[in-house]
Amino acid sequence: MEKERTSGEIERPDTSAPILPVVNPALEKTEPPSAAFHPAVYIATWITLSSSVILFNKWILDTAKFHYPIFLTTWHLFFATLMTQMLARFTGVLDSRKKVPMTGKIYLRAIVPIGVFFSLSLICGNLTYLYLSVAFIQMLKATTPVAVLLATWGLGVAPPNMRTLFNVSFIVLGVVIASFGEIKFVLIGFLFQLGGIVFEAIRLVMVQRLLSSAEFKMDPLVSLYYFAPACTIMNGLVALLVEVPRMEMADLARVGYFVLLANALIAFLLNVSVVFLIGRTSSLVLTLSGVLKDILLVGASMLIFRDPVSPLQGFGYTIALGGLIYYKLGSDKLKEYFANGGRAWADYGVRHPALRKVIVFGVVIVVLFVVLGGLAPRLPDAYTEYPKSKLGALLGEKGA
């Protein structure tokens, strides 16, 4: 009888049946790479740089008496052109530009017209700093989404929608109230800012139309790589005709060459930070970060430049910001976020009841302080000069 061999025999699987993978390939492929920093770092960096550029420009053009806004805009664009060319040549940061089928004909027909409106918006925006406060400028900028909406309708990018128009009407109402409450209202500055908003809206719609094609997808830094050279030439020609003939080297020396270099560097780093901010955060975070930045800028303007803000302005700006958030996020998203926030707040109250009461009490005290402080009558100068003089002497103001 022949002996059967059983050792070493294993049952072979049926190859006709599908084999289940050990690791889910969908999850393995879609898992996002871990960020180098927490998203809060990118948000704080963007808010800091964006606010710094605005306050820096205001200081140079108004406080330092460098009344050449077109030249300053040209200098920013020239520096951006130089930096983007260096990044493209020596780094891989702008390698995505190679996917854009850019030709000379496309550049003249698409990039140059957008560059014209980009230049006009920058020139008008910098001219505004000569006439209006930073606080009021930020309030007026809240109408940019309204201008973009009207531009999309006017250029045929989207059909008119009366419901959307009603939603943005709260932004307009708030800005109108804030304008009536502006103490240092200057009509020419208001018109310059209005022109800058209109030009910026048209530029954004033209960029939207350009980027609607998949082959022309560009991040803000690549866009700057293409737009900055054209804008530098256009702004430079205007500056040569309008401002350079009356400029002197003493004007540049008074501001300081290092100050101008730092100003251009911060403006360029702002564009770099936008790229990282978009890639690391959501649309909600972008919207709320912009609102927080505007509020901080209004406060910084009051603190640094002593810009007065009336209670009526604060009321109008609050309406405008509320309308802006509602327009950007929509009612459904807001309801969802409020519901999630309510559940989180209730859960926090269960875990820390005493601390929750302290927070509520503190918020009520701050609100009452702000409201009563805004409604209270101003003290006569005779009552305020004495403590000011004593405080100045204590801080060494007289010695300085």
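The backbone N, Cα and C atoms fix where each Cβ goes, and this holds for glycine too.
Predicted automatically and left uncurated, TrEMBL annotations should be read as such.
Keep in mind the model is a prediction, meaning the values are calculated, not measured.
Summarising the annotation, TrEMBL assigns domain 'Sugar phosphate transporter' to 40-327.
If you look up TrEMBL, you'll see 40-60 (among others) marked as transmembrane segment.
Annotation comment: TrEMBL describes 66-85 (among others) as transmembrane segment.
What TrEMBL records for 106-123 (among others) is transmembrane segment.
According to TrEMBL, the transmembrane segment annotation covers 129-152 (among others). Away from its own ends, the transmembrane segment (129-152) comes close to residues 54-55, 57-58, 61-62, 67, 69, 158, 164-165, 168, 171-172, 174-175, 178-179, 182, 184-186, 188-190, 192-194, 197-198, 200-202, 204-205, 208, 294, 297-298, 300-302, 305, 307-309, 313, 316-317, 320-321, 324, 327-328 of its chain (Cβ-Cβ under 8 Å, at least six residues beyond either end).
The transmembrane segment annotation in TrEMBL covers 164-181 (among others).
Per TrEMBL, the feature transmembrane segment maps to 187-211 (among others).
For the transmembrane segment (223-242), the residues of the chain that approach it from at least six positions outside its boundaries are 68, 70-71, 73-74, 77-78, 80-81, 84-85, 87-88, 94, 97, 100, 102, 107, 111-112, 114-116, 118-119, 122-123, 207, 271, judged by C-beta separation under 8 angstroms. Taken from TrEMBL, the feature transmembrane segment applies to 223-242 (among others).
TrEMBL lists 254-277 (among others) with the feature transmembrane segment.
If you look up TrEMBL, you'll see 284-305 (among others) marked as transmembrane segment.
What TrEMBL records for 311-329 (among others) is transmembrane segment. Long-range neighbours of the transmembrane segment (311-329) within the same chain, counting only residues 6 or more positions beyond its ends whose Cβ lies under 8 Å from a Cβ of the stretch, are 135-136, 139, 142-143, 145, 164, 167-171, 173-182, 283-284, 287-288, 291, 294-295, 298, 337, 374-375.
According to TrEMBL, the transmembrane segment annotation covers 358-376 (among others).
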Check your understanding: Based on Cβ pairs under 8 Å, which of the stretches 40-60, 106-123, 164-181, 254-277, 284-305 lies most in contact with the transmembrane segment (187-211)?
Key -> 106-123
Study note, to complete from the structure: Answer key: the stretch among 164-181, 254-277, 284-305 with most Cβ pairs under 8 A to the transmembrane segment (40-60) is 254-277
